[in-house]
Amino acid sequence: MKFILLWALLNLTVALAFNPDYTVSSTPPYLVYLKSDYLPCAGVLIHPLWVITAAHCNLPKLRVILGVTIPADSNEKHLQVIGYEKMIHHPHFSVTSIDHDIMLIKLKTEAELNDYVKLANLPYQTISENTMCSVSTWSYNVCDIYKEPDSLQTVNISVISKPQCRDAYKTYNITENMLCVGIVPGRRQPCKEVSAAPAICNGMLQGILSFADGCVLRADVGIYAKIFYYIPWIENVIQNN
């Protein structure tokens, strides 16, 4: 229940809008759609048996769907729907904070890797400010969050400095294990998108979205879990599970 309450706070709806200029016709092959009985999340395939997402996506009856572009289209040809064995969130994650908002999902069976389903590369070095990143997730263009999102979109935005991020989010504690990506001041138009969008920078998965006041697909500043910081934890979980 606490996870659902946090999720509701992260997904308060205003008017909904989307930008067709950002719509893409095919899914980044690492991108995973996590469907639940509440609201969906994005995830990233990092191993044939493991998906990484935000810890606030620990939601009821989660279903892992790979190779999907439009979730509402049941006729897509390259879907893989896989059950999960367990969800492991970071031990320091708390529902009262956006810090350590990261979780691993172990699949029941290995994903079949092909042209439409591939692994994302994990980073083994950090990145500097002004690095350009590609952020992808699904967007709603109707005022009904209980329907499936209508379009998959990608936007290219850059990493900003910690001082800029702290200025954008004065009431949040921006720690060294967070990454901020977007344009300041942002909040240019209302929107609604699927949470936990990944940030791919220089071909590496550098961030998983924890929170944004607005929408990252509109280049509003998002606060991401910095994946590089969590590499030891990720490797340990996969090795021991």
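From the backbone N, Cα and C atoms, a Cβ is placed for every residue, glycine too.
CYS180 is paired in Swiss-Prot with CYS165, the candidate among CYS165, CYS191 named as its disulfide partner.
In Swiss-Prot, CYS201 is paired through a disulphide bond with CYS133, chosen from CYS57, CYS133, CYS143. Just one residue in ASN11, ASN156 has N-linked glycosylation site written against it in Swiss-Prot, and it is ASN156. Of all the recorded positions listed here (ASN156, SER195), it is ASN156 whose C-beta has the fewest other C-beta atoms within 10 angstroms. Comparing CYS41 (disulfide bond) with SER195 (active site, charge relay system), their Cα atoms are 5 Å apart once rounded.
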